[in-house]
Structures are given as C-alpha cells and as structure tokens.
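Visitor: Would you mind keeping the following structure in view while I ask a few things?
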Amino acid sequence: MTASKTYPVPEAIKSSTHLNAATYAEMYTRSIEEPEAFWAQSATMLEWYKQPTKIKNTHFGKNEVSIKWFEDGQLNASYNCIDRHLANNAKKVAFHWEGDSPEDSLDVTYQEVHYEVCKLANALKEMGVAKGDRVAIYMPMVPEAAYAMLACARIGAVHSVIFGGFSPNAIADRINDSKAKVVITADEGRRAGRSIPLKANVDKALANDACPSITHVVVHKLTGGDVDWNEKHDVWWHDAVEDCSGQCEPEVMNAEDPLFILYTSGSTGTPKGVVHTTGGYLLYSAMTFKYAFDYQEDDIYWCTADVGWITGHSYMVYGPMVNAATQVFFEGVPTYPDVKRIAQVVEKYKVNSLYTAPTAIRALMAHGDKPAEGCDLSSLRILGTVGEPINPEAWDWYHRVIGESRCPIIDTWWQTETGGHMILPLPGATSLKPGSATRPFFGIQPALFDADGNELEGEAEGNLVIKDSWPAQARTVYGDHERFINTYFSAYEGVYFTGDGARRDEDDYFWITGRVDDVLNVSGHRLGTAEIESALVAHAKVAEAAVVGFPHDIKGQGIYVYVTPNEGVVADEALTKELKAWVRQELSPIATPDMIQWSDGLPKTRSGKIMRRILRKIAANEHDQLGDTSTLADPSVVDTLIAERLNK
Ligand code: ATP
Ligand code: MG
C-alpha cells in the first residue's frame, strides 16, 4: 500500500483545545502507570452523593470475570445529566429538536427536561416500577425518548432501548430477555416522510400474551394517528403524568448498579444484551465526549445516530448531558427531503461538531459535491465518524466537502460493549491519517495477538485485544454471564478480545481491518475486508462494495465481491475486468477479486453496518443457513442477492 497522507493538527484550533500532543501523552502515561490515581481524579467530573474510595477492582480470567469500578461510590445519572445544571444553565437549550420534516422544530431547555423527566419518573413509580426493574423504550427520535431514558435512570430502573425500526418479533425477544415491566412507545414514528406504526408493532409483539412481564404500555401521542387500545395495559403518556409532580427525588444508586441493557447490532450473530452500570459508564462517556469533540461551553453539537444504538446512549444522552451540552436532536434521515439536509441543519443551528457514520457519508458522497452546495458550513470545527472503518475515499470527501478541508475528522473506534470511545484521534493532539482510528484513549491498552495467542510487537497485524479494564466496560451479558466470558475472554487468557482485527503502523497508529470473522485467507495470505473494500470504493464508478471469502479449490478461499455501482454506470463485463485490474494495481495481485456480483443494495444492520456473514452464506450457496436476520434493515435485499448469485 502506498503511504497515506498525514494531516497535522490544524493551526486554527491548536491553541484553544483542551489537549495538545504533549498533554495527551502525559495524561495517557499517567492513566496507564497510575490508573487508580488517574481515575480517582477524573471521577470528580461527576457529582457523587458519596465519592468513591475504591477505584478499580477488575479481573479477566478464562473462567471468571469480574469488573467493578468506583464500587463504594454513590450517584445518580439523571441528577448528573440534569439537576446539576439547573443552578447556572437552567435556561440553556439541551435539545434543538429538528423534525423529520424541515418544518418541525422545537427547543427544550435543561429546566424543561428536568420537569418532563420528573413527571414521567413519578408516573413510572405509580405504575409500580422500582429500582432494578427493567423498562423497554421503543421510541422515535423525539425528546421524549431521552426523557424516558433519564426518567428510568432517576428512579433506578434499568432501561432497554429497542431501536424504533425493529419488528414485533425483535421487540418481543428483547422484552422477554430482560423481563421488562413497562414499555414506553409512541403512536407512530416518522422517517423520510413515511409513518412507522410503533404502537401497532408493540401490539403485535404483545399479542397472545407473548410478553407476560409487561404490565403497562405508555404511549406518547406524536402524530395523532389511529391506534388500537387495550384497556388492560395501555395508557397515554400525557394521562399518566397529568397528576404527577414536576419534582422527583433521584434515587441514590451504587456505582455498580445497572444503568441500562442494550442489545448489540447483530452483525456477527444473535444480539447480546450488554449490561452497563452507573458510575464508570457515566464518567467515561462524559470524559470521552469532552475530549473527542473538544467540547466547549457554547458549542452546538450534533450526533445523527439513533437512541436505539450505543452511540445514541453515550453521545446523545449521557456524555453530552453530563457536560451540559446543547445538541441538535434529529428525527429524520440525512437524505430527506434531499441530500442537502445535513448541510442545511448545520447551517440552521450553526453546528460546531458533527458526528455521523460512514454509511451516511457514502450515501451523500454518491451525489458529488451537491450535498453541501449553497450551504454555510463555516460554523463546523470538528467532524466525527463511528460504526465501521471509514474508507479513505469517504474520509477525503467528508473532510473536503463537509469540513471544507478545515475540520479534523475524529474516527472513533468502539463497541456497544466498550461503552465509549476506545481508539480515536483527539482534535488538538493527534495528526490524522485517513482510515486510521489512530491512538488509544486514556486508560486503554490495545494490543495485537496472533491466532496462537502470541502478542505481536511493533508494526503488525492481528486480532485486537484490550489488556486491562476501563470504567465503561460492559459488566456482563444480561442473564448470561457465561456467554460474556466465552465471547470476550475465552480466546486469550487475561485480555478482552474485541472480535475486530487491526494493523499497527510505524507511528503506533491503529487501523481497524474489519471483523476477525470476516478475515479472508487467500492462498495463505490473510486479508482484511476493509482494505479491499476501500480500494473498490476509491474507483470512480463504485458507490459501495462488500467483500467476503468463498470456498475455492486452489486458493482455499476466493474473493467474492458485491459492488453497488454509482448511479448511471453500466455494470457490464468490461467493468468487471476494469475493477479486477484496479484492485490488483491499487492493492496487490493477491487481493484481486475472483467474482464480482452487482447489487443494488447490501444487507445492512439497522445501524448501517454491512452484514458480511449473510453475504458469505450467499457466496457459498448456503442460502438455507443465513442465521439471525432479525436486525436487517431491509430483508428483501437478501432475496434479490440470492436470485442473482453468480453461478460461475
Ligand atoms: P454484534 O456484536 O452483535 O455482531 P456489532 O458488533 O455490529 O454487533 P456494535 O457494538 O454496534 O455491534 O458495533 C461495534 C463494531 O462496529 C466494532 O466491533 C467494529 O467492528 C465496528 N466499528 C465501530 N466503529 C468503528 C470505527 N471507527 N472503525 C472501524 N470499525 C468500527
Ligand atoms: Mg460486536
């Protein structure tokens, strides 16, 4: 591979950031050498009822894993996100809510959030929800989704947010796994001008007593659309809170009391109910938010994620709100009503930092420079990305067209299980290389292991592990601690196995190469999916590409590629040849695709990640073994791909 371009910290932001290269290095070293002192001091970022004195008590073993941080500390997450700010920031806007339609918007202050959260918290208590009980939340992207999460946190109930695009089956599975007492939903959601029957989906999930743990269904009236009503358990949100007080004393929680359960995306298998606890998670999400986006008091921050994902938990609710941030809270999608929506919203609210996903960037990039045309993006200072490796091509587009070649791109590698950012550049401290998540956050010790469990030193490529615990680490898989141990701690003794592969370069920068399960072994050479896909996307005629291995008599594994061409491109035999030659030249002859199948769409999770495990089955002609497909955004894509499977 040709050496990639490096982007130094922009002069324009250098003098004003929280950290520079020297302070990052100094703090990082301290976080590793004196973790107890480092985290004890960091913990003062939160307000505690009882300051923790026991900081870290963690053990990773093949048979036993126990993770405790700040274990004698007491606090409340909702208090830290709201009440703390009322003295000085009561009138500060917490959410600039921007509706699916550009006509709809609403500002909500911290004072108003407090009132709404307290009312709902009291209503939940009246329904019999107590500390430790689980509450499912199946909501569209309206402020009530955040109120619901914070109301649970306030009374010590454990929330389990279910993405608003999931089907009745997926809802029922998640409710039953966590035995939730209450589900909070809305009549309907809205997405790109269409309405989503949220209440009807909950009705279907609950039909025939399929979720016996549920005693109440709380329904927020959003669109006023028709809904069926079950007198036994349905209650309108506005009725439930009507007689409730706007004051609700926060429950005193132990740092290790669970805050929420969240199911992973299901890219690699059946989703796991990841459990996060209160103290460590809250501190780490707040701290990473502050440093990743170099948050300053008057910033306007916008994350385009959905609260149904961990990004929506850590970087739309808990992290920003502990910092008393003002955020844009967006109901819609980046391409509706058209591809300029993101730029228009940035202009409207003078957004300073924007955090989105490669899938959204690629969707916009397919339209050239049009997504930014005529919009004033001069307020932007920092851009972020999360969810998948970002192809250098997409990075360049994001940097040039949205960031006007001025804003650093913070490529954040992390997972539902990690609770917060793990490997990322920090705006004032780290030079950037497009496609690299760069360096670890404080307290994080990434390492590369080979298949036999040997640690690899220096420049190397291998399986990415984390050598010691960090405060926001998941504590268990809900109800299945054995699965937790097996998934993350059984591959290698004494370390957390991420399931991702990575390469470390000559500057100790990390490059995520893709899922370990997706790694190809072609004639004895190990190839990550990310690099081949990036090479393909860099071709002018390619919009998106997904690479998987398939059984090959001679090579062991052959390279099977699904390519979505750009609009207007004729996908023919000549283009197949052109793309094969292109990858050969860009990467290496070993990486030359054996087969290229054209596809209008790729199977993706609802959070936009390509599900290569399904593509692998299609390529191998094992259509009857697709595995869990419940988290697919559009299952019909799969049928089309199977029908068009190349039979060469
Ligand atoms: P499951 O664990 O159920 O298979 P999932 O891994 O897709 O689902 P998430 O926790 O939402 O669920 O995704 C985390 C994964 O996303 C990471 O392990 C990594 O593969 C990928 N990822 C996230 N951010 C980045 C990034 N900046 N660069 C590269 N990969 C990323
Ligand atoms: Mg995962």
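Heads up, the Cβ atoms here are built off N, Cα and C, so glycines get one too.
Curation plays no part in TrEMBL annotations; they are all automatic predictions.
Sharing the features that TrEMBL gives for it:
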type: DOMAIN; residues: 24-81; note: domain 'Acetyl-coenzyme A synthetase N-terminal'
type: DOMAIN; residues: 83-469; note: domain 'AMP-dependent synthetase/ligase'
type: BINDING; residues: ARG191, ALA192, GLY193, ARG194, THR311, SER523, ARG584; note: CoA binding site
type: BINDING; residues: GLY387, GLU388, PRO389, ASP411, THR412, TRP413, TRP414, GLN415, THR416, ASP500, ARG515, ARG526; note: ATP binding site
type: DOMAIN; residues: 531-609; note: domain 'AMP-binding enzyme C-terminal'
type: BINDING; residues: VAL537, HIS539, VAL542; note: Mg(2+) binding site
type: MOD_RES; residues: LYS609; note: N6-acetyllysine
Visitor: Out of ARG194, ARG515, HIS539, ARG584, LYS609, which of these recorded positions shows the lowest number of other CB atoms within 10 Å of its CB?
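Guide: Lowest Cβ count within 10 Å among the recorded positions (ARG194, ARG515, HIS539, ARG584, LYS609) is ARG194.
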Visitor: Should we count any of the binding-site residues ARG194, THR311, VAL537, HIS539 as near ligand 1, judged by a CB under 6 A from one of its atoms, and which?
Guide: none
Visitor: Check the binding-site residues ALA192, VAL537, VAL542 for other C-beta atoms within 10 angstroms of each C-beta and report the one with the most.
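Guide: The largest 10 Å Cβ neighbour count belongs to VAL542.
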Visitor: Which one of these binding-site residues, THR311, THR412, THR416, has the sparsest Cβ neighbourhood, judged by other Cβ atoms within 10 angstroms?
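Guide: Across THR311, THR412, THR416, these binding-site residues, the one with fewest Cβ atoms within 10 Å is THR416.
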Visitor: What does the DSSP secondary structure composition of the domain 'Acetyl-coenzyme A synthetase N-terminal' (24-81) look like, as residue counts for helix, strand and coil?
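Guide: Counting residues by DSSP class gives 26 helix, 13 strand, 19 coil.
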Visitor: Residues other than VAL537, HIS539, VAL542 within 8 Å, Cβ to Cβ centroid, of the Mg(2+) site?
Guide: GLU393, ALA535, LEU536, ALA538, ALA540, LYS541, ALA543, GLU544, ALA545, VAL563, LEU579
Visitor: Using Cβ-Cβ distances, find the residues under 8 Å from SER523 (CoA binding site) that belong to the same chain and are at least 6 apart in sequence, listing them in sequence order.
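Guide: Result: ILE554, LYS555, GLY556, ILE590.
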Visitor: Taking each of GLY387, PRO389, THR416, ARG515, VAL537, LYS609 in turn, which of these recorded positions have a Cα lying within 10 angstroms of the Cα of THR311 (CoA binding site)?
Guide: GLY387, THR416
Visitor: Taking the Cα atoms as reference points, how far is ARG191 (CoA binding site) from THR416 (ATP binding site) in Å?
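Guide: Just about 24 Å between their Cα atoms.
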Visitor: How many Å separate the Cα atoms of HIS539 (Mg(2+) binding site) and THR412 (ATP binding site)?
Guide: 25
Visitor: Report the member of GLY193, TRP414 (the binding-site residues) whose C-beta atom has the most other C-beta atoms within 10 angstroms.
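Guide: Most Cβ neighbours within 10 Å: TRP414.
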Visitor: Taking the Cα of LYS609 (N6-acetyllysine) as the centre, which of the binding-site residues listed as ALA192, GLY193, THR412, VAL537 lie within 10 Å of it?
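Guide: Final answer: none.
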